[in-house]
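Read the structure below first, then the notes.
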Amino acid sequence: MAELVPVGTILAVLSNQIIKTAVAAKEVLEKESFKILSKHLFSIQVVLEELQSKKLDDSPATRKALESIESDVKKANNLVEKYKNKGRFYLLIKCRNIVKEVQDITRHIGKSLAALSVANIEVLSGMSEQVNRLQNEMQRAELEASHSQKRVVDKLNQALKDQIQDQEFANDMLKEIARAVGVPVEPAEISKELESFKREKEEAANRKEMAEVFFLEQVIKLLSQADAARNYEEVRNQYFQRLRVIECHDPKEESIQPFKPFICCITGHVMLDPVSLCTGTACERTALEAWFNSGEKTDPETGEILEDCSYRSNLRLRQSIQEWRELNYCVKIRSCKEKLLAEADSSIKEALSCMQELIKESSINKDWISIGGLTEILVSIISPLHDDDVNIHQINALNDIVEGNERNKEIFIENEGLYNVIPYLALDSSVAKAAINLLHEVLHDSSGWNTAYCNDLSQQKNAITFLVELLKSPTREVAEKAEAILMKLCDEEENILKAAEVHWYKPLVDRVNEGPASSRMSIVRALLSLELDEDHIKLVGAGVISPLLEMLAESMEVKELSLSALVKLSGIHEIKKLIADAGGVRLILDLMFSSHLRTVIIAKCSEILKNLSSDGDGTKFLVNENGMQLQLEPVITNVLAYQQNLMISDIVRRPALHALLQICQSDAGLVKTAVSASGVSVILPLLDDSNQEIRETAINLLFLFSQHEPQGVVEYLLKPRRLEALVGFLENEDKSDVQMAAAGLLANLPKSEIRLTEKLIEIGGLKAIISILRSESIEAKENALSALFRFTDPTNIQFQHSVVDLGAYPLLVSFLRDASVTTKARAAALLGDLSMRSSELSVMPKIAGCWSILWTRGKICPVHGVVCSVTTTFCLLEANALPELVTLLQGNVHATAYEAIQTLSTLVREESPHRGANVLHENNAIRPLIEVLSWGQESLKAEALGLLEKIFMSKDMVDLYGSTAKVPLFGLTGRSMHEEGHLQRKAARVLLLIDRHSRSSTSLVAGISD
C-alpha cells in the first residue's frame, strides 16, 4: 500500500500554488472579476498558513477537502493562463463568458473550503468566523461585466445578427470598443487587436470549436470595414476610384444631390441605417421604430395598413448611400482645395469649416484630405499675417486632421509644420492655445511621445523660448501642455540648457537632484556658463544647494565642479542661508583648511567664504546647521597663516584675506582676536604685495587693526617708499573704501609722530587727504577729517598753515552746513584747532614802515582787534563760520553742539572777553548756549558753563542775558553735591559773576564767594 503524503506537505504545496495563481490573476487585463478571484485566493492562503501552524486532522474528509481545493485551484490557474495573454478587444467581447467562468470557479473553491472547515471544526475554532465569512462570500459570488462592457457587446451581437457590414457602423463600433478598453483608435493599435482576433480564430479552429470560429470571423469581417482597420493602400485606391467618378461633374459643384430612394420618407433626410418593410418601403431604422412605438400600423410612405410590421436591414441600399457619401466627400475635398489656393481669408474659412465637417462625418476623410493634398496646402499657407479668426481656424483644422493619424502627422512634419506653427505660440492667447493643442497632438503617437518629432521641435528657433513664456499663461490647460512638452524636450541635456537660458530652471534643478552622476556633472558645468541675475540665482539655488553640498563628498573632479557652482551662487543672501542651514559652511571650511587638497579646491572654498561674509553679512552665516556660531578663531588663524606662506597662490590668499576683512568688520571682538594672532605684523608686508587687490584689502585690515594695536605701523611706514604707497591709497579716487581705510589708518596712528606728519606733507599726503574731503564718500570723508587732526595740532602752527594753504578752511566751513553729524562735529573741532592760534597770529607787528601801514588799512576784526583773514590768522569771522556754528548749537545734537561750543570758546579771550562775547551776542549765539543747560548731556552742560563764565565777565552781557540764565543755573545749583558736584560749582561761579555785575547788592547764591 502506497505511503500517504503528510497533510502538512499537502498544505505547503497547495499554499504555494494558491499564491502563484493569485498573483497571476491580478495581471489579467480583464481586471475586475480576476481581481476578486485573486483577493479570495490570498484570503484562503492565509487560512492555510494558519492550519500549517496547527495539528490538522489527518482524516479522509480532510484529505478529500484538500484534494478538492487543489483541483479547483488548478482549474483557476488554467483559467488565468487561458486569458492572461489575450487581446483587449477579445477580452471585452468574451466578457460575459469570462465572468461566468470566474464566478463558477470561485464558487467551487468556496464549497471545497466549506468541506475543509466541516472536517476540522475544532482546529479552526479560533478563526471560524473568518473562514465562514470567506466560504460564504465565495459560494455566493455574483460576478458580472460592467454596464458599459455589456452595452458594447450587446450592440456588436445585434449588428452581427442583423448582418450589418457598412463602414460607418464599423467606425462607430470600433470607437466604442476601443474606448471601452482604453486603446487609441489608430491603425497600428487596431491592427494589433485584429491580429489577436485572427490568432484566436486559428486556435479555435485547431480546437475544432466551429461556433467560436464562425463568431470571430463575423467580428473580424465587421470591424475590418472601419477606416482605422483598413490598409492605407486600400483607402488611397478607394479615394482615386471615387475621384475618377466625379470627373464628369462640374468642378464648380460642391455636392451631388442624393437620389430619392436615399431619403427617408419619415424624416426627409438621407438615411444612415436603412431598413425595409415587407412592402419594400425603406426608412431610417430609428425613425421606423419610433413610428411603430407611437401606435402606427401603416406603411409610412403609402399609408397602407401593414399586416406584417417586421423589417430588415437593407444592406444594398446602405452601401449605395455610403458610395454616394464618399463621392460627395471627394467633391467637397476638390472644392476645398480650390478655396485654399485662392488664399483669400473668406475662402480659407469656408474651406476649413468644410474640412472639419468632413472629418466629423467620417474618419476616412482624415486620410482622403491628405491624399487630396489639402494637408500640405494648409500647412504651407499658415501665416500670422491672417487675422486671428483665420489663424485659430487653420490650426484647429490641422489639429482635427492629425488627431490620432500618424500618417498625417508625418505629412505635417515633412512640410515644415513645426516651423510654421511655432510663431503662433507668441500670438494672442486664444491663438496660442490652439497652437499648443496642435503641437501636443503632433508630438504624441500610439506609444506616447514621438521622440523624433520632439527632437525636431527642439531644433526650431524660439520654440523653447515661446513654450517657456506659455508657462505663465492664465489658461491652466495651456500652461500644463506647455510644461508637458518642455519636460519631454528636456529629456535631452541640450534642451535643459536652452530652457535655463530663458530662465526656466525646473528641469535643470530636477536633473541635478535626481539625474545620474555623469548627467548631473554635465548640467552643473552648464550651470556655470549661465548668466544669472539675483532673482534667477535664488530660483536655481533653492533647488540645487543640497545636492551640490552632497557632491563635496565625491571625487576631486566632482568636488571642484560643485565648489565652482557654489561660488557662483553663494553671493546672494537667501542662498547663504540655505548653505548654512544645510550645514555646508562647516564642510567648506574643512575643505579649505585641509592640507592634502589641490590648490584649486582650497581657492574655491576661499571664494565661498568670501561670498558668505560679503555685503555686510560678516559672521551671520558662519554657523552650523542648528544656527549656532562656529568657532572662528581657528579660521582667523589659518587665514593669517595663508598670508605668511609664500608658497600659497594668490587665488587662495586674495579671497581668504577679503573674507577675513569682512569677518573683522562685523565683530570688533574678532579684530582683537586677529591682532592677538600677530595680525598687524602679518598684514603690514602685504602693503608691498604685487597683487593690487591684496594690497587694498590689507590697508582696510590695517585700519581695523590699528584701532587696537597701532604699534609697529609707524616704523613700517617710515621705511623707504612705504609711505608713498600709503599716499597712493589716499589718491585712489576709484576706490573710496581704500581711501577711507588709508585715511582711517592715519587717523589711528599717534599724533605725536611728528616725523610721520612732516613726511606726509612733503610727499603730498596732506593734499591727498584734503582731496578726499571733496569726494562723495561719507565714510572716506569722515576718516579724512579724523586724519586731518594730525595736521591741525595747535602746537604746530607750521602744520596748520599747510592745511589752510591747501584750501581746507572753506571746505570745513561748508561741512558745517550740509554733512553727516560726524562730519559736522569733526569739521567744527578742526576749525576750533585752527581758531585757537588766531590770537597769536593777529598780534600787530611792532616794526615801523609800510608793513604796519598795510596792516591797518583793512577792516579791523572785532574779536582780534587787527585786520584778519582766513589764510593769515585762521579767523572764524572772516571765514563766515560763526552762523553755521550757531546753527549747530541750536540743533540740539550733543556731538555737534559740543564741538561748536569748544570752537566758539576760542573767540572769547581771557584778556578781552568782552570782544568775543559781543560778537557771540551779535550772532545770536548766547541764548542757544543758555538753552543747552536745559537739554544737554552733562559734558555738554559743562562746556556751556565754561563758555558762559567767560561771557559773563562782561557786564553788558550780564545785563542782556543774566536774568535768562538764572533759571537753568539755579536748576543746576539746586542738585545734591554727590550727584554732579562739578556742574554745581561751575553753575555757582556763573551765578556769582552775574551777581557781581548786578545792580542788586544781594548775593544770588548765599555762601559762595570767590
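First residue shown is number 1, and so on along the chain.
Cβ from N, Cα, C; glycine included.
The coiled coil annotation in TrEMBL covers 124-151. Regional average pLDDT for the coiled coil (124-151) in the model is 67.
The feature domain 'U-box' is assigned by TrEMBL to 257-331.
Cβ atoms under 8 Å from those of the repeat 'ARM' (583-627) belong to residues 545, 549, 552, 556, 559-560, 563-564, 566-567, 570-571, 573, 576-577, 634-635, 638, 648-649, 651-656, 658-659, 662-663, 665-667, 670 of the same chain, restricted to positions at least 6 beyond its ends. Annotated repeat 'ARM' per TrEMBL: 583-627 (among others), in sequence order.
Long-range neighbours of the repeat 'ARM' (721-749) within the same chain, counting only residues 6 or more positions beyond its ends whose Cβ lies under 8 Å from a Cβ of the stretch, are 687-688, 695-696, 699-700, 702-703, 706-707, 710, 713-714, 756, 759-760, 763-765, 768-769, 771-772, 775-777, 779-780, 782-784, 786-787, 789-790. Look at TrEMBL and you will find 721-749 (among others) tagged as repeat 'ARM'.
Under DSSP, residues within the repeat 'ARM' (721-749) fall into helix, strand and coil as 22 helix, 0 strand, 7 coil.
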